[in-house]
Amino acid sequence: MYSLERPVRGQSSSPKDRLGRKRRTVVSSLTEDEELTEILKSYSSNKVTTTKYSFLSFIPKNLFEQLHRVANIYFIFLAALNFVPVVNAFQPEISIIPILLVLTVTAVKDLWEDYRRHKSDKFINGLFCEIYSRKQQTYVDQRWQDVHVGDFVRLSCNEIIPADMLLLYSSDPHGVCYIETANLDGETNLKQRQVVRDLPQQGSELTPENFHSRIECESPNNDLSRFRGYMEYPSKARVGLHNDNLLLRSCTIRNTETVIGIVVYAGHETKAMKNNSGPRYKRSKLERRLNVDVLWSVVLLVIMCLTAAIGHGLWLRNLKEASFLIPDTTSPALSGFYLFWTMIIVLQVLIPISLYVSIEIVKLCQIFFIQNDVDFYNEYMDSRIQCRALNITEDLGQIQYVFSDKTGTLTENKMVFRRCTIAGVEYPHEENARRLEVYEEDEAMGCSHTLKSRASAKSLSCKSLSCNRSSVSLHTLTGHSEGEEPPSPTLPQQSAFSSPLEKDIVPDPFLVQKLNSLSSPLFLLKDASMELTYIVDFFMALAICNTVVVSSPNQPRHVQVPEVSCTPLKSLEDIKMLFQRFGLPRFSTLSPPHTTESPRSFTRRLFSRGKAHGSWKGEENKMLHLTLGACSGLGNSNGAQGPPGEPGADELIYEAESPDEAALVHAARAYRCTLQGRSLESLLVELPGMGSLAVRLLHILPFDSTRKRMSVVVRHPLTNQVVVYTKGADSVIMDLAESPKGAEQSDGRQGHIREQTQKHLDNYAREGLRTLCVAKKVQTSTEYEIWLKRHAFAETSIENREELLLESAQRLETNLTLLGATGIVDRLQEEVPETIEALQRAGVKVWVLTGDKQETAINIACACKLLRSTDQLLTANCGSKVSVILLFKIICPSSKCVPRGEAAEGTSGFTLVVDGRTLDFALQEDLKGDFLELSRRCRAVVCCRSTPLQKSHVVKLVRDQLRVMTLAIGDGANDVSMIQVADVGIGISGQEGMQAVMSSDFAISRFKHLRKLLLVHGHWCYTRLANMILYFFYKNVMYVNLLFWYQFFCGFSGSVMTNSWVLIFFNLLFTSAPPLLYGILDKDVSADTLIKLPELYKSGQNSKAYLPSTFWLTMLDALYQSLVCFFIPYFANAGSDADMLTFGSPINASALLTILLHQVIESCTLTWLHVLVLVGSALFYFSFTLVFSVVCVTCSPPTNPLGVDKLQMSQPLFYGVCALTTVLALLPRFLFHALRNSISPSDTLKAALMDQLNPENYCRRMQRWNQTQAQSKARGLVINVEDLDFKIPDFILPKEL
Amino acid sequence: MMAPSYNAKEEDGHQPGATGHGGAGTMTNKKPDNTAFKQQRLPAWQPILTAGTVLPAFFVIGLIFIPIGVGLFVTSNNIKEFEIDYTGVDMSSPCYNCSQSYSWNNTQSCTCSVHFSLDQPFESNVFMYYGLSNFYQNHRRYVKSRDDSQLNGDKTSLQSPSKECEPYRSSDKPIAPCGAIANSLFNDTLELYYIDPNGSRTAIPLVKKGIAWWTDKHVKFRNPSGNNNLTVVFQGTSKPVNWRKPVFELDPLDSDNNGFINEDFIVWMRTAALPTFRKLYCIIQKKPNNMTPTLPRGEYILEVTYNYPVRSFDGRKRMILSTISWMGGKNPFLGIAYITVGSVCFCLGLVLLSIHYRYGKRNNSAEISS
C-alpha cells in the first residue's frame, strides 16, 4: 500500500534510501538542488533496449542460455567425454561438431531475432520530441532516448507520447487533453486526461523555470489503470494525482493542440514497457509425447551400449595373446566399462540431436504460413492472424474441447438498438427488426456465391460448393463477406462504430407520434401525459448517460466543442418565459389545460414532475387524444427518419468505450434526441422541439463491474434540478428502483411499470437481446449538497480513493425511478453456425461460457446451431448444493444407459445449460466428477451468468480431469483468465480492446477463422510435425543400428566403418533438410477437402499420426532396414579383401538412399522444392564423399578416406549392392502402405484420393460422403432418443428445490 | 486409375480481386500475398500408394532384378577360386611343427611345404591372397594405432610419431613405421611351385608389384624425401618391435619397393573390415602369347616360410588363388540375392494384382464406408 508518510528532506534520505522504498520522487530536471539531481539521475532514462544481448555479451550470454537446455548439456557431456583418452571414439574435434552446429544454428536464430529488436529499438529511440532546454530557454528537438525523468516535454496533436508523463498544461481551455491508446491496448476511442488540479499557472502556458513542485508517486509498475501520488507545491499544499493526470508512453495525443508534461517514468519503467511481455512459451502435447520417446531412445541407447560393453568384456576374456591386441593391463571388465562410454559417443546420434532445433525451425515456418494465409485476412480491419505463441502450432490439430465466449466471439459485438420499453409500454420497433433482417440478407446476397448459406445443413452439400471448386477457390471470396462497407482509407479506425447498420435506426412510429407531440404545433398541454415525461427522460438518459466522445469526420478526432449559442428552435423569449414560469406550482394532472402555454413550458413542467405521479388510468385516455391529434403532424416530420436537426448533424461520430453505449446514443438520435457535443463540464443535447440545450454535467460515475451500472449527475437545463440518470444491468437497476416505503402513492404506479418492464425484459432475453435498464432520480439541492461534500472528499482523498468513490456512487444511486429498458441486438458473426457445426462434426465439443442471461444464452446457442431443435435441453438452475446433487443423481444414472462410445462421440441429443450459481456448486470438489460425467454425455454445454473466474475454473476442470486438449476463445477482458488456462488460447481482436489478444496464443479477427485454423492448419501442422518427429527417430535408429551391427564383427571394440566426418554429417547435413521440408510443406489432404470434411480432424484428436504403436512400428521398420543395409553389403563383402571404409561405403550410400526414399514413400506431396532438396541431399552426400576421398590425404585419422569412395564409385558392384539394399529395405514399408491403402484405407487417405479426382467426380464423392456421415449420425440419434423416451422425459428442474 | 497426377485445380492463382498488394504504399495493407507458395498451393505430385499404383513397380523390379541376378550368378560361377589352410592346426598338417614354435623374434625361420592340386586350370591373371581368420584388424584401438602423416613422409612425424601409436611409438628411438598395425605386419613368405607331371618343380613367378591401390602407393604413402638412400632417411628411427628387418629393407629384390611404399606393407596397412579377410599377396600374370593357362591343372606345392603366429588366438592362415571378373572375386551371394528379391517382387506383384481387383474396384466406385 502506498504510504503517505511525509518524507523529510535532508533527514534519512540518501537517494538509495528513497529508491528502496516503494515510491519515487520527481522534481523538475531544471532544479539546482544537487541531491535531487542525483535522484533523478538514478532513474532509468528513456532509452529502450529490448535486445537481450549486446555486441560483446552475445557469445557468452547466448551460450549460457543455451547451456540451460538439457539436450545441449547432454551433447556437451558427450563432447567432453570424447576428450577422455580411454573412452574417446573419434578425434576430439569431430565430436564437438554436432553440438557446435546446434549451438550455432540456435545462436544465429537468436541473433536474427535480436537484431530485429535492435532495429526497432533504434528507430524508437531515434524519434524526436520537444524537450525544454534550460540553456536555450525554449523547447528543442531531442531524441526519445535523451528524455529523462523530470524533463518537460511539449507535444502537439497527433504526436506519440515518448514516456509516462504528468499532464501539466493543455491548450484546451478546460485543461483537458485526449489520448488514443490504440498502441497500448488497441482501443481506438479517445480517452480524456486532465491537467493536475490547482496548478498555479493554470491557463497560461507553463514556464518550466517556475515549476518548483515536487511529485511523489508510486514506483514503476505495470498497472495501466492505476496511478497514485501527490504533488507538493512550494507552498506545501498537496494535490492528489490520479490516472487521469498521466499520459502513457506510446499513446497518441488527439484533439489537443499543445500539451506539456513532466516525465515521471521513462524507458523501461513506463507502464507500456512494463506491460510488454514477449511471446509466450507453452509446451505442446506432441512435445510431451516426444520427450517420452526421447527417453525411450535413451533406454535403447543404454541397452545397446551395455550389450557392447558386456560383449567386449567377454570377447577380451576369451582372447589370449593376439597380435592385433595392444598390450594392456586393463582387465576385461574395466575395458568393458570404458567401452560403454565409447559406445555412447559412437551411438550418440540415436538421441535425435538436431530434433529440437528442427522442431523450432519447422514451427517458425508453419507460423509463417499461418500468418500468411489470405483467408485469415480481414479486409475490414486490415488485420491478419497473429501468432503470439510460437511453439504450439500442432496443438491446433488436437483440440477436443472448445470453450467460447459469446459476446464479441460468436456475435459481432456490434450492438444495434432493437426495441425498448418505456414506462411499461413496449415499443416493438417492427420496422427496425425488418431493417435488420433486410440488412442481413443484403449482406448474404453480396456473398451468396461463397460458402455462406443460411441453411447450415445444406451449406456443406455439394451443390453450393461445386461452383467455387471449379471456378473460384475459397480464399478469394471469404474476404468480402464481412465488408459492410469498403474500408475508407482516411478513416480506417473511426468506422469501427459507425456502420450504417448501427447508425440508422428506424424509430417506432408509435413512439415517434408520442414524441412528436412535443414539437407539434397542435400540441396541447392537456394531452401532456405522465408517460411523455418518461419518454423524454428516457431518451435524455440514453443520450447523456454515457462517456461517448463526439467528433466529426472532416476534423478527424476533434471534439465538437459545444456552442451554447447554438440556434434554438424557439426564440429567446420562450426561454425567458420558461424560466419565469419556473416558480409555478407543480404540475398536476388535475389542473385545467393551459392552452396558452407554450410547449416549452410544458416540457419544463414535464421534467419538474420528478416524483409527483398522477393516476395512470386517467392519462391513458388523454394519450389516445394525443395520438389522434398528432397523426397529421407525423407524416412530414417523420418521413425523413434519419437523424433530424441541423445540417451537419449527420456527420457526428460517436466514439464509445463500449458498443452498447454507442448503440444507445444512436438510438436516442433516431428519436431526435441528439448528443451534439461534450466537454468536461457540459453536454450539448438537442431535444425534439426544443433545439440544442446545454446540460451542465456535474459528475460522471463511471461504469464498473461491481456496481454494474453508470450514472451521470447533471443540472437539468430546463428545471435546473440536479438529476441523476442511471443505466445498468437489469438485475441491479430493478433492485435499486424499489420505491421507498413512504411513497405509497407512487408505489402502485412504479410497481406497475416495474412489473411490466420485467415482463418485457424477460421477453427480450428470450429473443436473445441484451437488456439494459434506465432509471432516473431527482435530487433536492440539500440532498445533493450533502452528497457533494462527501463525494468531493472522496475525489480528493489520496488514500482509498477507489473505495471511497465506489461508496459515494452507491450512496447516490438509490431510490431510482425506473424509466424503461432497452433491448439491444448483437448479431451473430457470419458463418458462426457453419463453423460450430463443422467443429462438432470434427468431434470437437463446443461449450459456450457467457455472462449473459440464460434465456439470451440459449437463444444465441440456438441461433448458432449449437442447439438443435431435436435436442433435449437439460437446464440446471439450482439454488442450493442439495439440489445440484439431486440433479446429478437423477440425470447421471439414467443417462448411463447411453452407450459410452456414443456419448463420447457427442451424438446424444442432450444439451446442458448451467447457470452461474449452479456452476459454483458443480465446481466444488465432491461434485465436479458428476458434473463432468454429465457434461461429457452432452453434445454441448452452455454456461450462462458465469464470471471470468468460473470460466477459467471450468476450462481447468475439463482440461485436468478429462485430460483433453482445450481451446478457449474470447474477445474481452473477462475471457483473459480462460484464455490463459486453456491449452490453446485464442483472442478475437474485436471491439473490446486488446486484452484478450494480448494474453492469447493466436489472435484472429472473426470466429469463422477458427474453422480453417483448426481443421486445415491444425491438421496440417499436427500431421506434419508428428510425421517429421517419427521420421527423425526412424532416421537416427536406422543409421545408428548400422554402427551397432558392426560391433559384432569388430569384437565390440567401438570401431566404425565410416569416416568420422561422414558419420557426424550424415544426420546433421546429408539427411536433415528433407525432413525439415517435409515438416513444413507436406500436405496429406488439400485445404478445400479438409474444410468440407471436418471428420478428418479426428485423426489429429486421437493423435493417430503419433501413437506409441506407430512409434514402435517405426522403430521396428528402422531395425529391419538397418539389418538389410548392413547385411547385404556384409555378405557381398564377406571374406573379401575389403577394408573398413570400402566396406562402409556401400552401407552408407544405401542407407542414405533408403532414408531419402523412405521420405518419399512417407510424404504425401512432392513439389519441386521436395525434389530439389531430396536430390540435393543425395548429390551433396556423394559429392562430399567423393571430394573428400580425393582431397583428404592424411586427414581424419584413423578413418582416412583417401581413394576409397573414388574407387568404390567406379565399380559396378557398388551400385549393384546399393540398388539391391535400397529396394529390399524399402519393400516392406512400400508394401504395407499399398496394402493398407487398398484394403482398409483411412479417412484421410480417402479424402486424399478424392483430391485427385476431377471436379465432377470430386463433387459426387463429396456428396456421398456427407450423406453417409449424416446417415450414421441419424442412426446414433435414433438410438438415443429411444433411450430417452422412457428414461428422462423433458428434464427441466425447478429453480429451487 | 493412376493416383499420381498433377492437381490441375491447385495452380498458382493471382486473383484479380486481390487488390491492394503492390499498390505502392498508399496505405499499409497487411493483406498477405496471394501466391502459390505462401498459400501452400504449390503444384504437387501426390503419390498415393495403393495396390493399383504400386503394381507396375513390383513387376518392373522383378523383371529387372532377375536378369541382373542371373548375370551376377553366372559371372560369379565362372570365377575360379582355390583356397588352402596352412595354419597347421592338425598334427597331420605339414605346418604343424612350425605353428607350434611361434615367436616374433625367432631368427631361425621355419618353412613348410603344402601340397595341393588344382582340378581346373586358371586362366588369365590369377591373384594370390593370404587369408587370416579371427584376426580383428578392425579393432578400434588397433585401427587407431598408426600415424598417417609419418607414412606420408612427414619428417617431424618420423622423428616424433603420433601418440596414437603407443605403445609402439618408440623403443629407444622413434619407431618407423609406428603403431600396432605396422608392428603386426604379416611376414609369412609364400612361394608357389608347379609340379610337372614328370615330377620336376617349376617356380611360378609371383609379381609383388601392383597389388596396392594406386592412390595409396602414390599419394598416401611416401618415403621421407631428401635422399634417395632410404638408409639415411630412416636414420635415427628403429624398426617395429616384431619386425626382423627395418622398413627400408622390406623388399631386398626391388629397391623401389622399400620403405613406406612397400606394397605388402601398404596392403597390410589398409585394415580389413571383418575378422575373416584376405589380402592380396601377389599376382600371377598370364603368360604372354601362350595358349596355356596361367595355372594349369595339376599338382602344386606351396612353400611357406612360417613366421606369423596366429594359433594363440585361434587364428587361421590361408592361401587363396583366384581369378577375378568385373564384379571382383567369387561371390555367389549377390546373384542369388538379386534373383530372390526379383522373384519375391514379382510374386508380390501378382498378389497385389489380385488385391487390386478385389479392393481397387470398390475404391474406384466411390463407395466410401465410414
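From the backbone N, Cα and C atoms, a Cβ is placed for every residue, glycine too.
Note: TrEMBL annotation is automatic and uncurated.
Pulled from TrEMBL, these are the features on record:
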| type | residues | note |
| --- | --- | --- |
| REGION | A:1-21 | region 'Disordered' |
| DOMAIN | A:40-96 | domain 'P-type ATPase N-terminal' |
| TRANSMEM | A:290-316 | transmembrane segment |
| TRANSMEM | A:336-359 | transmembrane segment |
| ACT_SITE | A:Asp405 | active site, 4-aspartylphosphate intermediate |
| BINDING | A:Asp405, A:Lys406, A:Thr407, A:Glu661, A:Phe703, A:Lys727, A:Arg770, A:Thr850, A:Gly851, A:Asp852, A:Arg945, A:Lys951, A:Asn974, A:Asp975 | ATP binding site |
| REGION | A:477-498 | region 'Disordered' |
| TRANSMEM | A:1046-1070 | transmembrane segment |
| TRANSMEM | A:1111-1131 | transmembrane segment |
| TRANSMEM | A:1168-1193 | transmembrane segment |
| TRANSMEM | A:1213-1232 | transmembrane segment |
Worksheet entry | Stretch with greatest number of CB pairs under 8 Å, the transmembrane segment (A:1213-1232) reference, A:336-359, A:1046-1070, A:1111-1131, A:1168-1193 candidates | A:1111-1131
Worksheet entry | Integer Cα-Cα distance in angstrom, the residue listed as 'active site, 4-aspartylphosphate intermediate' to A:Arg945 (ATP binding site) | 12
Discussion item. Does the transmembrane segment (A:290-316) come close to the transmembrane segment (A:1168-1193), meaning at least 3 CB pairs under 8 Å for residues 6 or more apart?
Written reply: no
Worksheet item: Should A:Asn974 (ATP binding site) be counted as helix, strand, or coil on the basis of DSSP?
Response: helix
Worksheet entry | Secondary-structure category, per DSSP, in which A:Arg770 (ATP binding site) falls | strand
Worksheet entry | Intrachain neighbours beyond the transmembrane segment (A:290-316), with Cβ under 8 angstroms and 6 or more residues off its ends | 332-333, 335-337, 339-340, 343-344, 347-348, 350-352, 355, 359, 1029, 1033, 1036-1037, 1040, 1044, 1047-1048, 1051-1054, 1111, 1115
Item to complete: With a 10 Å radius around each C-beta, find which of these binding-site residues (A:Thr407, A:Asn974) has the fewest other C-beta atoms nearby.
Response: A:Asn974
Worksheet entry | For the binding-site residues A:Arg770, A:Arg945, the one whose C-beta sees the most other C-beta atoms within 10 angstroms | A:Arg770
Fill in: Site of maximum Cβ density within 10 Å, from binding-site residues A:Phe703, A:Gly851
A:Gly851
Worksheet item: Average pLDDT across the domain 'P-type ATPase N-terminal' (A:40-96)?
Response: 81
Discussion item. Please count the residues of the domain 'P-type ATPase N-terminal' (A:40-96) that DSSP assigns to helix (H, G, I), strand (E, B) and coil.
Written reply: 29 helix, 0 strand, 28 coil
Worksheet item: How many other Cβ atoms sit within 10 Å of the Cβ of A:Asp405 (active site, 4-aspartylphosphate intermediate)?
Response: 28
Practice prompt. Could you measure the widest C-alpha to C-alpha distance across A:Asp405, A:Lys406, A:Thr407, A:Glu661, A:Phe703, A:Lys727, A:Arg770, A:Thr850, A:Gly851, A:Asp852, A:Arg945, A:Lys951, A:Asn974, A:Asp975, the residues recorded as binding ATP, and give it to a whole number of angstrom?
Written response: 26
